[in-house]
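Structure first, commentary second.
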């Protein structure tokens, strides 16, 4: 598996300048090795192509974006450099996947969240620890941290070997709807960014966490193309609004697949 991953990643590196895909951190810096113990990397299993990020919320469950789903996935937990393996890095496959289908009033983008149950639990270690669900809703103006192995150029064609991190701000709904007029007023999404531009999540950051005031508040969803445009904050699935559903599924209430 490791040899396949190395060969596949070398091919991806050669092709990355010709590829364009889903979402990356613009204007950030390499994350500190110790600040992303919950960050998960999702790969397409057959080709071992890097797809998205995700967030470990306990020893056997990962939260990511629904649009990151593929027929066959492989997840790396405790990874930093794509080409340098930590001793405690762990790989897992999904055993179950769940999608939010609880309301016809929500758009597909509102429902852009997926729960993945790992085929076996992971162990906490130097580079692995889960991130709890939020205990309170986020506040407009909060300083938030977004991270991922996504594109680091607005044109989306440069992918890093290591995750990048950057601070952005939570934007109010009025500013968000000016940028995205078709966004419903009742949308279960968050807007975050820097209104001057130049800093943003980007392609292949999708599915990764938005952490505001120390709490896991968002899942990278989608944004402008090119990334990091002025007055175009990115959109994030609002995790707090899905707390009940997530807890229901992870507690074993999988038949309803909806909050009680």
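Using N, Cα and C of the backbone, Cβ positions are placed for all residues, glycine too.
Copied over from Swiss-Prot, here are the features:
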ACT_SITE  67  active site, charge relay system
ACT_SITE  112  active site, charge relay system
ACT_SITE  206  active site, charge relay system
DOMAIN    25-251  domain 'Peptidase S1'
CARBOHYD  101  N-linked glycosylation site
CARBOHYD  105  N-linked glycosylation site
CARBOHYD  124  N-linked glycosylation site
CARBOHYD  253  N-linked glycosylation site
SIGNAL    1-18  signal peptide
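Put simply, of the recorded positions 101, 105, 112, 124, 253, the one whose Cα is nearest the Cα of residue 206 (active site, charge relay system) is 112. When the recorded positions 67, 124, 253 are ranked by how far their Cα is from the Cα of residue 105 (N-linked glycosylation site), 67 comes first. In space, 101 is the closest of the recorded positions 101, 112, 124 to residue 253 (N-linked glycosylation site), judged by Cα positions. Proximity of residue 124 (N-linked glycosylation site) to non-local residues of its own chain (separation of 6 or more, Cβ distance below 8 Å) is seen for 59, 130, given in sequence order. Across the fold, the C-alpha of residue 101 (N-linked glycosylation site) and the C-alpha of residue 112 (active site, charge relay system) stand 10 Å from each other. Cα spacing between residue 67 (active site, charge relay system) and residue 112 (active site, charge relay system): 6 Å, rounded to the nearest whole number. DSSP assigns residue 105 (N-linked glycosylation site) to coil, not to a helix or a strand. Over the domain 'Peptidase S1' (25-251) the predicted model carries a mean pLDDT of 92. Cβ neighbour count within 10 Å across all protein chains ranks 206 highest among the recorded positions 101, 206, 253.
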